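What Swiss-Prot records for this protein:
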- 130-259: domain 'Fatty acid hydroxylase' (DOMAIN)
- 144-148: motif 'Histidine box-1' (MOTIF)
- 158-162: motif 'Histidine box-2' (MOTIF)
- 235-239: motif 'Histidine box-3' (MOTIF)
- 44-64: transmembrane segment (TRANSMEM)
- 120-140: transmembrane segment (TRANSMEM)
- 190-210: transmembrane segment (TRANSMEM)
Amino acid sequence: MEDYLKQFVEETSFYNRLVLGTFMPESWWGPLPHMLQGWLRNYIGGVLLYFISGFLWCFYIYHLKRNVYIPKDAIPSNKAMLLQISVAMKAMPWYCALPSLSEYMIENGWTKCFARISDVGWLSYVIYAAIYLVIVEFGIYWMHMELHDIKPLYKYLHATHHIYNKQNTLSPFAGLAFHPLDGILQAVPHVVALLLVPMHFSTHIALIFLEALWTANIHDCIHGKVFPVMGAGYHTIHHRTYRHNYGHYTIWMDWMFGTLRDPVEEDAKKM
């Protein structure tokens, strides 16, 4: 078993060398404990992903496609976006503690993770990944709902994110603009799922970082109309009503539990 777990350590060490070695001499990060190296790598990767994706996204929809996707008077101000960036950057060091913790758990054999797809085969890999995503979808839905329904959680945690409740205050940069504990709680299902279902290690890490892109997507206020995806059209309604569309990747949970509100139907009512 110890030899098998070494594969995870070797993989995270490779990621550390790849990221940290690109931005600083090894004498700076080499002496750090392995877990702290992982946190620093996750932090650098998270910051880069947030800014690169956010700036490219905003440049495209607010400038290159000005008045195509977003009406001119609905484009958020620079002040609003800078506030979102400030909130996200204060939370980022704390966000990165979660993937660092999950890596530690995996490296120590506390989870059901496997290192190589060949360990289980492609069919099992796809089935396990699908079950993992269902658990994540279910967990995030209920965590998100409780952050609204439990008044102290909303007041002291989730309200930080819901100051952005109109189209002209929402932007891709709002995607990670949470109280640190709020952001961590909503990502916890990714770690809980590792205890319940076998999951490919690299896919797990990739899905956690995909959250940064996904949350940017659902805060751009552009309804993609891709069924059954819980896109920005649905999430914008959530920011307006606070009582609908708690789901994450799909509309499945909201449909099952009666909290779904369709943006197409909403637009039809306004006409």
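Every residue, even glycine, has its Cβ placed from backbone N, Cα and C.
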With pairs closer than 6 in sequence left out, are the transmembrane segment (44-64) and the transmembrane segment (120-140) joined by 3 or more CB pairs under 8 Å?
no
List the helix, strand and coil residue totals of the motif 'Histidine box-2' (158-162) as derived from DSSP.
5 helix, 0 strand, 0 coil
